[in-house]
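Contents: one structure, followed by commentary.
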Amino acid sequence: MIVPMFKYSYLVFHAEYTGFLEHLKELGVVHIVEHQEEPSLEMQELYRHISDLSKTIKGLKNRKKGVPQPTERLSAKSGEELSQRIDQIHEKLELLHQKQSALLKEEKLSEPWGEFSLDNLSRLEEATNLSFRFLVCPIRKFEQSWIEKYPIYNISDAAGYRYFVLIDDGTLYAQFLEEAAQIDEVGRPTTELADIRKKIQEVQNQIRELNKELDLIAFYGYELLNDYKLSLEDQLNNLNVKHQTIEEAEGKVRLVEGWVPADKAVYLEKWLDQQNIYYIKEEASREEKPPILLKNNSYARLFEPVGKLFSLPAYGELDLTPFFAPFFMMFFGFCLGDAGYGLLFIIIATLLKRKAEKSQKTLLSLVQWLGIATVLFGAITGTLFGIQLSNLSIPWLSRIREMFLNNDQMFTLSLILGGIQILFGMILKGINQIKQNGFAYSLATWGWFLLITSFGIFYMMDKQNPEASIMWNLPHQIITGIALLGIFVFNNPKRNVFINIGLGIWDAYNMITGVIGDLLSYIRLFALGLSSAILGLVFNQLAFELKPDIPVLGVIITLLILLIGHGINIFMSGLGSFVHPLRLTFVEFYKNAGFIGGGKEYKPFQKIR
């Protein structure tokens, strides 16, 4: 259900404003009304900082998984100091990686010339008045005759090129160029290869040290950084409240407006009266779009995250979470439909819940319920890890073999469940319309519900007793007439009869085609369940047919195929078993239930911990 809200308007003297906000935060029950959609520049900067910090924390969390635990300890005492240090490290690493890239490129260019002293080479050139030309050409174009004619010395061959030096007296190089136009002169290295490699080693050592520091932070700095992030979010929360505050009486009075759940209103009012703060209390209306706080039992609460994937309900309408929860669970089991897979879900979720965080336990509890539904439908169809129990020659199974539903019966069951959910959605739509606008606005919905259910009931009665001609007897004609009046005449009390009839015809076309299409969508429940069972059966056959006759190896290969095959089937079928019930809920069920949605989550102004 949606918790009722009250709107409070507080008038606070400017000198008491800061203290008032601190007390309001400690109470933690007021959702501040937002008058300004655009955040201030300071808030935008904080948003960016928090976003960057979140990425940093996520990166460090992933980094922690791949490295051994360091023996050193952190020197930083605060999250802010640590955050600044991380930024410095990332800047240094970026510069060092750029420097390393440039040095590696320089090493690649110098490597073919080998190790030599640039100083000795320069002194030799000065003493002899000769110059050394560093030349390169493709190996296939290098002619051995050049070595006989000119003072050429081969240095190395690399990547299809020959690197060589020609000793030039001032005329030889020009003469050589006339004969060997295909050669290229390259600039001599400016740094000796040994020095380049030494610099690369130094840079790599610096990178290694900085990465070690990041590893240290990843292991021991998470709490500090997370606390710092929470403090920034708390600061942002304060700024937002001040940004949404309206100044009155030339800034001497501050107007703060907020929403408070009805069950917490007494607690708030008691404090306001103690502080002698003037306030106005108003009941929430749909037009003001109050925030949405859901309150459901422990079972339905598990499915609230599923509903939030689409949208929260609008204020004033029904919360559909407790109504779609049993259907969603049932449809998941229908689609997966293997008792063995369901048992795995239950066992794994139960084991993980023991050490899971509080926020994760809700999800794992949901997995347990989905596993129970899968076991139930696996038992109905007689499917266990892809094995069709009805085909096994086990004596005790012969007594329950006839209880297993075959494919035709499962096909029919999918349509029956679909019809039930669609009709249930219509009931909820009618209740919603009564709740929001009054009974007169729900007559068309009840008319359609009455028409469909009466036709279904009288059709089945007619099938049971064909000679009685029950289908079009007087009671059914009266019921049909009442239903048609609601559909075509009284569908909207604000319009005249003729407009209602015209729009009723159009709505009838949409309704008939829509309901048929919606009903056919539920056939996919059967199709997904069938495909899951077939895939499990195929992997079982592959595992036992492809195993070699070697005893030990045969068992290992069989187990591998079974594990990999059923793992793939659980993943693919499990994904489909979640997505398709999601679609049936958000499209077929929500449409027939008249779901509006668009609600904004209740987020009270409170200290972020």
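Along the chain as shown, the residues are counted starting at 1.
Each Cβ is built from the backbone N, Cα and C atoms, and glycine gets one as well.
The feature region 'Disordered' is assigned by TrEMBL to 61-80.
Feature annotation from TrEMBL assigns coiled coil to 193-252.
Among the features that TrEMBL reports, transmembrane segment is placed at 327-351 (among others).
The transmembrane segment annotation in TrEMBL covers 363-389 (among others).
Taking Cβ pairs closer than 8 Å, the transmembrane segment (409-428) reaches residues 318, 320, 323, 327, 330-331, 334, 381, 445, 448-449, 452-453, 456, 515, 518-519, 521-526, 529-530, 584, 588-594 in its own chain, all 6 or more past its ends. Marked as transmembrane segment by TrEMBL: 409-428 (among others).
If one looks beyond the transmembrane segment (440-460) by at least 6 residues along the same chain, the residues whose Cβ comes under 8 Å of a Cβ in the stretch are 419, 423, 426-427, 429-431, 433-434, 470-471, 473, 476, 479-480, 482-487, 490-493, 504, 507, 511, 515, 594. Feature annotation from TrEMBL assigns transmembrane segment to 440-460 (among others).
Residues annotated as transmembrane segment in TrEMBL: 472-490 (among others).
Summarising the annotation, TrEMBL assigns transmembrane segment to 497-516 (among others).
Long-range contacts of the transmembrane segment (522-540) within its own chain (CB-CB distance under 8 A, at least 6 residues past either end) are made by residues 331, 334-338, 377, 381, 383, 385-388, 407, 410-411, 413-415, 417-419, 421, 561-562, 565-566, 568-569, 572-573, 576-577, 580, 584, 588. What TrEMBL lists as transmembrane segment is 522-540 (among others).
Feature annotation from TrEMBL assigns transmembrane segment to 552-572 (among others). Long-range contacts of the transmembrane segment (552-572) within the same chain: residues 341, 344, 385-386, 532, 535-536, 538-540, 542-544, 546, each at least 6 residues beyond the stretch ends and with a Cβ under 8 Å from a Cβ of the stretch.
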Chain residues in Cβ proximity to the transmembrane segment (363-389) (below 8 Å; excluding those fewer than six residues from its ends, i.e. six or more beyond):
299, 302-303, 305-306, 329-330, 332-334, 336-346, 348-350, 352-353, 356, 397, 401, 404-405, 410, 529, 533, 535-540, 566, 569, 577
Residues from the same chain, set at least six apart from the ends of the transmembrane segment (327-351), whose C-beta lies under 8 A from its own:
303, 306, 364-365, 367-379, 381, 383-387, 413-414, 417, 421, 525-526, 528-529, 532-533, 536, 566, 570, 573-574, 576-578, 580-582, 584-585, 589
Treating G and I as helix alongside H, and B as strand alongside E, what does DSSP give for the region 'Disordered' (61-80) in helix, strand and coil?
7 helix, 0 strand, 13 coil
